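Novice: Under the heading S-adenosyl-L-methionine binding site, TrEMBL lists Arg36, Arg61, Asp78, Asp120, Ala121.
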Amino acid sequence: MELVEVKEGKARVLVPKAESIYNAPVFYNPRMALNRDVAVLLLNLLKPGKVLDALAATGIRGLRFALETPAKEVWLNDISEEAYALMRRNVALNFGEEPIVKGERAYLQADKLIVVNRGDANRLMAEKHRYFHFIDLDPFGSPMEFLDTALRAVKRKGILGVTATDAAPLCGAHPKACIRKYLAVPLRGELCHEVGTRILVGVIARYAAKYDLGIEVLLAYYKDHYFRAFIRLRDGAKKGDESLEQLGYVYFDERTGRFDVERGFLPTKPSAYGPVWLGPLKSEELVEEMMKLAEGMELAEKKRALKLLAILREELDVPLFYDTHALGRRLGIQPRKVGEIIERLRELGYNASRTHFSPTAVKTDAPFEEVVRAMAR
Ligand code: SAM
């Protein structure tokens, strides 16, 4: 395989030269640098000691954790032989020393321990029961085949970082696939990215609950066609019960664009979408700290990271939003500019903000009728 060297954050990695990232023998997507930046920021604040990049490909993510965060022990794992060989080369490139190979596992004790493993992520995670403080799942498509084992391999107060790139199921283009994988009915249309994010968080809460674990959403967002959730586990049956109380359903009227949400384990009406997570999608304090940290740090996509964090920081943390273009089309009105609508709603005493889910949308706690009034010219 022909290789080229790229630099991302503080890491240098050899990646396969390929016409398209999808036919490369080992996967590397430079567009995911922002996704990795955000994880690096978070790990700098939460300081997990033992970290697993369960689906590591070139190893870029785990290498960045090793080079740019205080993690003390970093595991890079991939099922592919070619990825295993390349990860070892990339470790050597960054730490100046070849890891010692013992069959399908290789070790390098630098200022921190780096372990490179070839194998099925589920097998490795089953072996390392309650071992890691942080596990990153960054698969092709859905993370669901790895979720259950990750919930056992992570410590009971540990953290999971989960990516889902299967936007078609989560956004409702393939509803049967969403039901199969996420055990939830998705919603098509302008709310699909937020509903998809909440379906992903909701299924993590449901999987965690059987281990008497609750969840705290540190940050969940949608960007560049992927969903991402950072979840801290909370230990205890009561925490599990509390998380399940944050689950519920969405009702959506196609004709008007009005939505409703209801909490509850079961829906009260047949037209429900979900179950979804209706609790917070961020820790405000953490996002604030990430922003401060990002300002003074070298990142691969610093400008974009700051832009994303700024909008996440301002975003009102309530379920769903009103997309002014979609609502305008539905109701036959010319909407005002988003900034103006937000101002008007605030003048009326409501909370209102932009949302990262859509540049033309407003998040607010105002009732539907008030939003429509504020929107109309
Ligand atoms: N995390 C990487 C990054 O940030 O560049 C990208 C990972 S890529 C999207 C998914 C990787 O998962 C591929 O390299 C693939 O070989 C690996 N993979 C697929 N199934 C696996 C399994 N069951 N166990 C371990 N690795 C697996």
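Glycine too: its Cβ is placed from the backbone N, Cα and C atoms.
Heads up, TrEMBL stuff is auto-annotated, nobody curated it.
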Novice: Which residue among the binding-site residues Arg61, Asp78, Asp120, Ala121 has the fewest other Cβ atoms within 10 Å of its Cβ, if you could check?
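Specialist: Comparing Cβ neighbours within 10 Å for the binding-site residues Arg61, Asp78, Asp120, Ala121, Asp120 has the fewest.
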Novice: Non-local Cβ contacts of Arg36 (S-adenosyl-L-methionine binding site) (under 8 Å, 6 or more apart, same chain)?
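Specialist: The list for Arg36 (S-adenosyl-L-methionine binding site) reads Glu8, Gly9, Ile60, Arg61, Arg64, Ala300, given in order along the sequence.
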Novice: Need one number for the S-adenosyl-L-methionine-binding residues Arg36, Arg61, Asp78, Asp120, Ala121: the maximum pairwise CA distance in Å, whole number please.
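Specialist: So the maximum pairwise Cα distance among the S-adenosyl-L-methionine binders is 22 Å.
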